[in-house]
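Step one of this worksheet: look at the structure below.
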Amino acid sequence: MALIGAAIFKFLFSSLLWIITLHISLTKGKENYGQYRYPFIKPASSFSPLPSSSLNGGDKPYDYIIVGGGTAGCPLAATLSQNFSVLLLERGGTPFANPNVTFMRNFHISLADTSPSSASQMFISTDGVINSRARILGGATSINAGFYTRASSSFIRNVRWDSKLVQESYSWIEKQIVHRPVLRPWQRAVRDGLLEIGISPFNGFTYGHKYGTKVGGTIFDRFGRRHTAAELLASANPKKIHVLVHATVLKIVFDTTGKTPRAVGVIFKDENGKQHEAFISKGPRSEVIVSSGAIGSPQLLLHSGIGPKTDLEKWKIPVVLDNEFVGKDMSDNPMNSIFVPANRPVQQSLIQTVGITKLGVYIEASSGFGQSSDSIHWDHGIVSAEIGQLSTIPPKQRKYEAIQSYRKRKKNLPHEAFMGGFVLEKIANPLSKGQISLLNTNIDDNPLITFNYFSHPSDLQRCVDGIRVVEKILRSEHFTNFSKCDKKTVEKLLNMSIHANVNLIPKHINDTKSLEQFCKDTVITIWHYHGGCHTDKVVNRDYKVLGVEKLRVIDGSTFTDSPGTNPQATVLMLGRYMGVKILRERLGRETGDNESAFIGD
């Protein structure tokens, strides 16, 4: 008991110190230096074109400039900084003093925040699906549902990664920011329902990708605090890394005087709009590395003059390299969910349990998004339980302004309408493909994004199969004991879910009679988009951009498929994996010792 009491006291005391520190930081006004957890993180306006001698040796340029301090960029920067100077540029702020990011209870509020300084930047695909992309240090790990699970062994073989280094890189991530979840009642009900209908065996708690039902890891600790990729910067060499936040890269700078274009640096703007230039050294192995995500990376390449020539000329962007594949073959794993009211108060839970079926669909669940007194004021997008939203608005008027207007009226809804959870299915490895193209020449604006959900008939059939699996779960004995539904109410739940899944796609009166139509009309996202800079089309197997020198893209934009049931573990791993590979190759060549000791555990 004494040990437990001491532990509680320690937690309360540390929490008090954290609150005091946060209060002090918030009183410092515009600068707000309290948000910068590590001394090498600074606002972009502090940038000097000549890095300090303590950083990388006088006025010598950087060995590596990494564009994007996200899921891949943070572990990559931390690893490369062990031996070489690194400049990491992130367009958003930091997650450390942002309660909407830090606390799981504010997960949906963070996504619904559309202010210019929010951690997520909303966009609506041309398909009519509301979406978000990260705009904060830590990237998607700062705004996602936190589920952590590794890629399948077949995925690792197909991309030709070194399996030993893959395992080491996963472990490096897991030791620092991954936790075993405290399984919530809703998650247990879904787990038991999955097993009852035959999604077996039960694989218990595991990071592995195995057919059957399992509980995965999470980046939320037992106190509901999020641990993002930004915390991996604690492993960086503070003398060799420089992280700038609110640093928006406008374009990559190339030297085009030689036979092959060569990246030499970047132009970025700070939080005040002032432009700066940063350069890499003239050594043969220094590089610019783009890790801006499946949307940001192809967008930046296009703005920098790498892409389809006709598209670039349309916007009068000087063509550095004509590559027809940049921005093409984008994919998003379509998701459909069914809202289920509960017969008891429901604790909040994000993704913890998953059913990995042999039908090509994954089954997951979330619950409890009406618990916060603030939540009634927000539209929740993916986690919306808002019955009737947009249903009375004519299709041509279903624009974002309509959602904003609804938000103002929503506070009058009964809280009971929010008591329950979702059971969702999503398509593994969708065959439907879309693309990214520029809307204008303003890097701050989202590009035009089309996913073409269910354009391939196989995807639509798998969605129907997935909905039928969910229906079986809802009828299972384990689940009906928890929910308000009985075996006769599944169609009513489908009708309810037509409006609970918020998108801008017109609804049809026969949605529940045709599961194909239900899939099309209720499709939403779970943010697993990938592609746009595919391996062997835009980059090679070492992630070097084809046709130019000293430029790589390392993130999910290079994936043909989304790894595992949820990609964040593998994108995190990829940053560490490629950092180690680059160091081993460079140090081996420069020292003649391929196994040089260079990386801290």
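Just so you know, glycine gets a Cβ as well, placed from its N, Cα and C.
Values in this document were obtained by computation on a predicted structure and should not be read as measured data.
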(request) Regarding the disulphide bond with Cys519, report which of Cys74, Cys463 TrEMBL records as its partner. (result) Cys463
(request) Please spell out the DSSP helix, strand and coil residue counts for the domain 'Glucose-methanol-choline oxidoreductase N-terminal' (293-307). (result) 11 helix, 2 strand, 2 coil
(request) Starting from the Cβ of Val249 (FAD binding site), draw a 10 Å sphere and report how many other Cβ atoms land inside it. (result) 24
(message) Return the average pLDDT for the domain 'Glucose-methanol-choline oxidoreductase N-terminal' (293-307) as a whole number.
(response) 98
(message) Please report the Cα separation of Cys519 (disulfide bond) and Arg91 (FAD binding site) in Å, rounded to an integer.
(response) 35
(message) Can you tell me the CA-to-CA distance separating Gly556 (FAD binding site) and Cys463 (disulfide bond), as a whole number of Å?
(response) 24
(request) Looking only at C-alpha atoms, tell me how far Arg91 (FAD binding site) is from Cys463 (disulfide bond), rounded to the nearest Å. (result) 36
(message) Can you tell me how many other Cβ atoms are located within 10 Å of the Cβ belonging to Cys519 (disulfide bond)?
(response) 24
